[in-house]
Amino acid sequence: MGMKSGWLLFYLLVSLIKVIGSEQHWVTVYYGVPVWREAETTLFCASDAKAHSTEAHNIWATQACVPTDPNPQEVLLPNVTEKFNMWENKMADQMQEDIISLWEQSLKPCVKLTPLCVTMLCNDSYGEERNNTNMTTREPDIGYKQMKNCSFNATTELTDKKKQVYSLFYVEDVVPINAYNKTYRLINCNTTAVTQACPKTSFEPIPIHYCAPPGFAIMKCNEGNFSGNGSCTNVSTVQCTHGIKPVISTQLILNGSLNTDGIVIRNDSHSNLLVQWNETVPINCTRPGNNTGGQVQIGPAMTFYNIEKIVGDIRQAYCNVSKELWEPMWNRTREEIKKILGKNNITFRARERNEGDLEVTHLMFNCRGEFFYCNTSKLFNEELLNETGEPITLPCRIRQIVNLWTRVGKGIYAPPIRGVLNCTSNITGLVLEYSGGPDTKETIVYPSGGNMVNLWRQELYKYKVVSIEPIGVAPGKAKRRTVSREKRAAFGLGALFLGFLGAAGSTMGAASITLTVQARTLLSGIVQQQNILLRAIEAQQHLLQLSIWGIKQLQAKVLAIERYLRDQQILSLWGCSGKTICYTTVPWNETWSNNTSYDTIWNNLTWQQWDEKVRNYSGVIFGLIEQAQEQQNTNEKSLLELDQWDSLWSWFGITKWLWYIKIAIMIVAGIVGIRIISIVITIIARVRQGYSPLSLQTLIPTARGPDRPEETEGGVGEQDRGRSVRLVSGFSALVWEDLRNLLIFLYHRLTDSLLILRRTLELLGQSLSRGLQLLNELRTHLWGILAYWGKELRDSAISLLNTTAIVVAEGTDRIIELAQRIGRGILHIPRRIRQGLERALI
């Protein structure tokens, strides 16, 4: 029985030590932690546009973009791994909408060619030869009949008058209605709404930077061979992207960015291949013919810019590509494609004419206002590439009516441009498609295009937008001191916004040291970006009236302030306003962190990793913090109601004394009134019983028993406990008597309370003494148990050592004895041999 009780006490002691040793953690709020989450937001653009330029890109950029930052900042994030996915990048979709806006804004004031959807009589036209020495051989795929000279009736300035006008059209831009009577119409009249480009419109792309609004950041992957989809370990944060030239083209990527580490091929796991080179291949395109442009009035205030006459070869447009530079890059690209697709049996060829629109089957781009359509068979067909000399010449067509890529069912009429046109660009990549899955024997790879979003994905593959989440919660060892009023600290302004994420790769313990600086950086970064936006808006307010981008930039400004105010409102609801580290009274639940130890959290995890671990419980934690703060507010309200007890000295003020006198008068008046009422009631009761009232000055002795003698002069005799009741007269005597009785009553009650308190303290002291005695006995008993078990363990160890020593000694003796026998046997071998020989001789 004693042994069982000893084990029970030992178990209780161990449990007590375990409970005491386990440290309670509390939810702690941190403001300014380097945490971000993927987000979608409206980016704003920045460019070095020239307001005095009439070029379409400059006009649009002046109205839509802010000036670029002369000192762009980039902050590296060490020890950070981030996932990117270029195929789901919303930045590319936004850029697509922006470039559509650019084109539509450029064409907004131009004339719609609906009045030209009439029947036209057309004949072949070949242009005027300048001289035979300057003529070059026409390419077979261009055709000899290039132009149609068409006549049609057009409305004059007076709507009821018509006149016959003439104009030259390219063969591809008109469709025969009746081949017998040579009637034609424009190719887009029955399918699209055709808009005539303004005569002075030119498309010369300028670099455009996309920037994140305040409260957001742009993550950038700096790995040279990054495929655009997956994890990136070399990450930095920037405010704006690099300058992107919005060049519209198909098949070839012109004037894009280069890769720093070889050729990279990006596959969307369907059929698209985006190729990015690390070297450029120049392409020089020329239209040497000299168009003579004219204008035809087709209605009131409507002018159609047509081609009156062409001098020289009407379609001698071509592009030259250096075979010495193209061939090695194309061969390296083909080898990389074979590695990506995991096949060697791949056919590379150009598209046939019947495999899609001209924009897809040909290289389409804009050169100084003219739309070129070039045949790229000599670039992609191996047999033609081997036959081609230096340089590779691509025959090109020029179209006046073009299917716009911006909207389905929309076309553009590009007015003729006078003079010689020449454009030099750099090929930086390819847009390819392949047919045939992994189970097919043959795979065909051919150039493609048309989906301009792929061009922007190729430029924005290494970027993504994230929102800054500066509020974080984590377990802490400190608990908030309840019901105390503290001074609130105010934030100052600090360095740069991007520096806020500079501690992203640090552990939580290291990053929490710089929370004040990071919080200041966050606010100052918002203020800095607001100032940049505001200056840009003020400088361009007369231009922003023409564009919705002014509203978008103002929305970005308001959004940042709203996000900051929202965070401050949340902190205020939690009682953490103005604090970078705020302790709470909410106990930390270990299940929220998947039972991760306290030291592991603060020494091994970054804030971003910690946020991913507890993100699912954020709502629960925030709700508990808010409930705890509501309870804290209730407690503070109760305390403030008793706050006057903190200033006892104010009790002696003249105002208080007047209040005390008033209360005393009211109490005395009440007592006197009650006394008078009680006397009146007593007199009335006695009168009803037949007695007359005695004088109030008469002392009425109390009645004695007949057998009790009265008290003598010496004080002998039985003294009755009763006393004469004196009836006082007068107001002062009555008040004094009542106050005397009240004070005597209070004195007796106070004496009784002190006696009870003393008795309680005596009992408490006895209980405490008894408890200490029991604790001492428990300690003695536990010490005895520990001594007993220590002695038992020592005896067992000694016995074990003795037994081991005996066994070892016996074993050693046996081994020695066995060795001696073997040794004696070996020594006796010669003697045994000698004895054997002696017996043999006998």
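Using N, Cα and C of the backbone, Cβ positions are placed for all residues, glycine too.
Swiss-Prot lists 24-663 with the feature topological domain 'Extracellular', giving sequence analysis as the kind of evidence.
The N-linked glycosylation site annotation in Swiss-Prot covers N79 (among others). Using a 10 Å radius centred on the Cβ of N79 (N-linked glycosylation site) and all shown protein chains, the other Cβ atoms total 12.
The region 'V1' annotation in Swiss-Prot covers 122-149 and rests on sequence analysis. Summarised as a single figure, the pLDDT of the region 'V1' (122-149) averages 51.
The N-linked glycosylation site feature in Swiss-Prot is assigned to N131 (among others); the stated evidence is sequence analysis.
Marked as region 'V2' by Swiss-Prot on the basis of sequence analysis: 150-189.
Sequence annotations record features per position, and here Swiss-Prot assigns N-linked glycosylation site to N190 (among others) based on sequence analysis.
What Swiss-Prot records for N234 (among others) is N-linked glycosylation site, and it gives sequence analysis as the kind of evidence. Around N234 (N-linked glycosylation site), the same-chain residues six or more apart in sequence whose CB sits under 8 Å from its CB are C221, N222, E223, listed in sequence order.
The 10 Å shell around the Cβ of N255 (N-linked glycosylation site) contains 17 further Cβ atoms across the protein chains shown. The N-linked glycosylation site annotation in Swiss-Prot covers N255 (among others), and the record cites sequence analysis as its basis.
Residues or ranges marked as N-linked glycosylation site by Swiss-Prot on the basis of sequence analysis: N278 (among others). Under 8 Å, Cβ to Cβ, and six or more positions away along its own chain, N278 (N-linked glycosylation site) finds L258, N259, T260, D261, G262, I263.
Look at Swiss-Prot and you will find 285-318 tagged as region 'V3', backed by sequence analysis.
Taking Cβ-Cβ distances under 8 Å and a sequence separation of 6 or more, N331 (N-linked glycosylation site) has no neighbours in its chain. In the three-state DSSP scheme, N331 (N-linked glycosylation site) falls into the helix class. The N-linked glycosylation site annotation in Swiss-Prot covers N331 (among others) and is backed by sequence analysis.
Here Swiss-Prot flags 353-363 as region 'CD4-binding loop', drawing on sequence analysis.
Nonlocal intrachain contacts for the region 'V4' (374-396), taken as residues 6+ away from its ends with a CB within less than 8 angstroms of a stretch CB, comprise 139, 141-142, 251-252, 285, 287, 317-324, 326-327, 330, 348-350, 362-364, 446-447. Annotation source Swiss-Prot lists region 'V4' at 374-396.
Look at Swiss-Prot and you will find N386 (among others) tagged as N-linked glycosylation site, backed by sequence analysis. In the three-state DSSP scheme, N386 (N-linked glycosylation site) falls into the helix class. Within the same chain, no residue at least 6 positions away from N386 (N-linked glycosylation site) has a Cβ under 8 Å from its Cβ.
Reduced to three states, the DSSP call for N426 (N-linked glycosylation site) is strand. Annotation source Swiss-Prot lists N-linked glycosylation site at N426 (among others), citing sequence analysis.
Look at Swiss-Prot and you will find N589 (among others) tagged as N-linked glycosylation site, backed by sequence analysis. Long-range C-beta contacts of N589 (N-linked glycosylation site), restricted to its own chain and to partners at least six residues apart, with a cutoff below 8 Å, are absent. DSSP gives N589 (N-linked glycosylation site) a coil state; it is part of no helix or strand.
Of all the glycosylation sites in the record (N79, N426, N595, N604), the one with the smallest CA separation from N255 (N-linked glycosylation site) is N426. Cα of N426 (N-linked glycosylation site) to Cα of N79 (N-linked glycosylation site): a span of 37 Å. The glycosylation sites examined here are N426, N595, N604; by Cβ neighbour count within 10 Å, the least packed of them is N595. Separation of the C-alpha atoms of N595 (N-linked glycosylation site) and N79 (N-linked glycosylation site): 24 Å, rounded to the nearest whole number.
Separation of the C-alpha atoms of N604 (N-linked glycosylation site) and N79 (N-linked glycosylation site): 12 Å, rounded to the nearest whole number.
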